[in-house]
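Everything on this sheet refers to the single structure shown next.
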Amino acid sequence: RKQEDGEPGASVRRPKSSATCKFLFFNIVTAFLQRVVKVFFGCVAAVGCGVLYAVYLSTYHDRTFWFSTRQELEREITFQAGSGLYYYYFKHMLAAPSFERGFYELIIDNRTVSGQTINAVERLSLYPELITSFVYRVTGSQDFVEPIYFYVGAVFGLQAVCVTALFVCSWVMSGTWVAGMLAVAWYVINRPDTTRVDHAIPLRDNWALPYFSCQVAALTGFLSNNICSATEMFCYLTMSATTFTFLLVWEHSHYVLFVQGLCLLLLDSFDLVPSRKMADIHKVYLSSLFLAYLFQFQNPALLSSPLLSLLIGSVLARYFQVELAAPPPLAPRVHTQQKNYRHLLCDSSSVTHLSYFSSYMYLIKKFMFPADFVTNLLLCQESLQRPSQDLFLRLTQASVLPFYFLVLTVCLLSTLQTIYRRLSGQPMKTNLRLEDGRIGEQPEVVYHVFHTLLFGGLTLMKYLWTPYVCMFTAFGVCSPDLWMTVFKWLRLKSIHPLVLSLVLSTAIPTIIGFSLWREYCPRVLAELSDLQEYYNPDTVELMNWIRSQAPLAAVFAGSPQLLGTVKLCSGSAVTSLPLYSDINLLRRSEDTYQVYAMRSAEDIYKILTSQKTNYVIIEESICTELSINKGCRIKDLLDIANGHVVYDKGEIYSFSKHGRFCHEIKMNYSPYTNYFTRVFWNRSYHVYKVNSVISFQY
């Protein structure tokens, strides 16, 4: 109106308003471009770290085993700890006339375990081999790459995905991809404690844990309050796909997800995450369990898993809370949920499926049945042993452990403050600012606090705990929110806490990075340049003899780890498999291990013939084993189970009217020569043929 009336100053406002709009538009575009550039370089850094780690693993593996210069048999023997059994099924799928035919033969497999027909896909979780062989066939890779290189490369590629997921997880939590690079550096430096891919490539956890890392990264983004709807949907879909895949490729995965479910249960009990998101996570778990149950041929272990019990209890508790009463205050609601879950957690202890992660159940069995061989064998596994001091020493030397305790202490105390506020009825802020100094009110941070505590205390498996210690520590030292929380507690006034937190979140990672580069970079380069010598001539000689001298239909008995190699290199049937989640196979392994016990020749002969054994392999490393942990030697476990021990002044002594079979049979005198005939021997192995007709010689 002023412009129409021609009043002076009427035309001054329009240019000022136009300049303001241009300035705001310029700021929005600049901020958007900065964000795009930051995300772009972060993604490039994440992918680059993953690719470099895969190249590093490949080079280190080749230098350690001289993999590229070995013959096919010698390469296969490098798959240690019985893991070569899985590669055997990969070769079987490639040798089959078609993928469908090979799949059918694995479902009805009567050429692996003597006297049994098993579904190898279900029993051994062979979906990684099925998918890898299918890709190898479809892509025509047989024309330019050998099967063993393709198989090993697929595992190393998944390790690259694992490292990338840890990078992204630390980046999402801290807001800077510097944290991701620091997490990867610590992961590589502590490689002996973060992965088993060095010596046993085909193991199930090497295939499964990368998917779990992706699932944790997607869950971290999904729990965050500062994401848009599109990003939240992407995280939800990624979490769904990786959870299902994780359940599909590892028989122990539902125990890992059970511990993760306990972490989410704590978040939900204290109302630290929106109910909508918890409902979506429950849908992911239930749908993944249902699909895995179908794909694993109605595996009963999934129906009896503690994860399913936890989900059913959580859903029922929420249903009764909503349907039977009005929404109560937070404190009574927490008490009600904990009361409902108490019965659930008691029920979950009734699961009888064998696993590394049901450690407490086996500890109870240990006291109830101290002479049970299977129980004691599982308790003696490395994953159920107390972490050694060397682990903490290595983490301290790499500067991980001191900063981990610092970050964990700050985040845990802030989390406890948040829980106290919620119990007091105070609302939880969703739009946190750096100036607030409340890192414990970020749901993704609280989840990882519970994650690192429960996985460190319950699973007893360092390969599930150490990678996330590296990631969590890198996030903490690079996060301005953590330092701001500390300065809020200290009430700094001399220096502005916001400026100091930003300075420390940049300076400390820089100092750590330079110190790691100076100390560990020469070591890593030396590992890649050092040509190590790994050669096992005795095992090569044994496998060549089996291939050339033993009948194709022969059945071999021995330790499960050695039988996995025998199956891979010769294809012969065996009496047991290196599988710790099947009670029947464990009992068969116990029977086979009796050759190292104080039993008579007649007893051993009856045991072996009942399993239709033609040849039995006795290993010197087991028969004459010397170990600091004396109670965990195979022969000690057998003596305890067979009642051949005498306790005197705190010491355990073995006693029996029969000598130890593996020693006595080497003497070549009756009655051992009546039942067995030695057909092969070297420094490490003695192979005896089980006589079909007993010859009584005196």
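Cβ from N, Cα, C; glycine included.
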Worksheet item: Of the ranges 253-273, 400-420, which one does TrEMBL list as transmembrane segment?
Response: 400-420
Worksheet entry | Range from 23-56, 148-166, 465-486, 498-517 with the greatest count of C-beta pairs under 8 A to the transmembrane segment (400-420) | 465-486
Worksheet item: List, by number or range, the same-chain residues at least 6 past the transmembrane segment (23-56) whose CB is under 8 A from its CB atoms?
Response: 156-157, 159-161, 163-164, 167-168, 171, 177, 180-181, 184, 188, 524, 528
Worksheet entry | Intrachain neighbours beyond the transmembrane segment (498-517), with Cβ under 8 angstroms and 6 or more residues off its ends | 174, 176, 178-179, 181-182, 185-186, 189, 398-399, 403, 434-435, 474, 477-484, 487, 492
